[in-house]
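Have a look at the structure below before the remarks.
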Amino acid sequence: MTCADSPLDSAAKTSAPAPETAAQGATAETSGQSLDLTRFTAARVAVGLTGVSLPTAAHLAFLADHAMARDAVHLPVDVPGLLQELAEAGLPSLSLRSRAGDRREYLLRPDLGRRLDNDSAAMVARAAHEGALAGSNRPDLALVVADGLSAPAVMRQAVPFLREFLPRCRSRGYRLAMGTYVRFGRVAVADEVGELCRARTTVILIGERPGLTSPDSLGVYLTFGPKVGNTDERRNCISNVRPEGLPHAEAAATLDHLLHLALTRELTGVMLKDDRPLAVGNAAASVPGVAAGKGERRGDGVS
């Protein structure tokens, strides 16, 4: 008997599974039907195997996405460019800073990102005082933009979202405070801005913690009765705002609805829900064996 015909080798030939390719792993069985999962998500599903390892292409894609997520945290926002775009979109804004001195301190001390530095607080108070002297009524809404944990999210998503949302504010007759951009800001920094402006509500657009397939995801937080010391259960969050996630127009419609309810009922947070009927999209409806559901959207690490 030759080595090639040994019992051990023959057993290995019959028992070893054939290497699975990415194409072979890209489907799942649902009620007897073949489902291509990659049609419905950019997440790492059904990437397949080469032997016992990931295919080279999938491994390289993972490394590239991981690098983009890390870069998103540390890249700076083009503040002059963003302020110009905000003004062109109809929201001229003050440029402010939190109490965090630099990016490293911002990441290590979340508490410093929740408060304005002294100069910025004075700027907001002065602008609010000048507005009061000019006869402006108490604002219904103060809009805040902050870099958060993803500069690309703010640069790519904030202005397109505002172009969808601001016309809705005008159609409802809301009074808006001066817009603000806060460098090294956390979600709660909007409470101080809103309190200084005497605004009834605040909305902050902030870069969310990057994911491997979503380095540019924007979070939108709504708070009624902004004041320093508010806690997160008093806020409503709309998460993953980007074309590949929750589109700008849909996110703007959701915020418009929640803001209207907040001003009417004078509350936000766990007591305020998006009570609109759920519209089931064609893509979800076409997935065999998958039931449509309505889930809570939550924030992602920028409080």
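Any Cβ shown, glycine's included, is placed from N, Cα and C.
When the candidates Glu130, Glu164, Glu208, Glu266 are compared with the adenosylcob(III)alamin site entry in TrEMBL, which names Val187, Cys237, the shared residue is Glu208. Its Cβ taken as reference, Glu208 (adenosylcob(III)alamin binding site) is surrounded by 28 other Cβ atoms within 10 Å in the chains shown.
Taking every pair among Val187, Glu208, Cys237, the residues recorded as binding adenosylcob(III)alamin, the greatest CA to CA distance is 11 Å.
Taking the binding-site residues Val187, Cys237 in turn, the residue surrounded by the fewest other Cβ atoms inside 10 Å of its Cβ turns out to be Cys237.
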